[in-house]
């Protein structure tokens, strides 16, 4: 004989309603064609070559400040520190700069190799300073305190340009554009001036 009676037999009948599961795909109706946006998605713009180079130059300069002894912060950087950075980069240069005692000093195409040092070309340094000067402003620096625009930096670049021009026998002067004689406007104006001059003379 069981000591515990079955409670389920004495309790009222309990009915369990199973949840109704319907096909959700059938319930979700597709949006009308008018609601679908037909605007073409524009692909994300990739940075230009200039922007990529500017970012790499800025990271290199910030790494140089961190490795400086003692370490330098950006607000403490001055034009003198920029000159130290440019001289530091000279060891990675690939341009042969002849010294005064070299027999090939002033020759644009030396006939033989020489032990003169390799330096950064003036054009590379000038472009580098331009990118770093723009990056400094973009990172919150004040334009009046931009160390890359300091007077000592401009004078240094001018000295490098003049010396490298003499040592390599090249000219960095910008060529002036000659007037185009084939321009119809210039030829017309010349004809008008000639005709007015002949009328005045007669």
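Cβ atoms here come from the backbone N, Cα and C positions, even for glycine.
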Legend entry - Correct range for region 'Disordered' (source TrEMBL, candidates 1-26, 27-52): 27-52
Inset, instruction - Choose the correct range: of 133-167, 168-202, which one does TrEMBL annotate as region 'Disordered'? Give that range. - result: 168-202
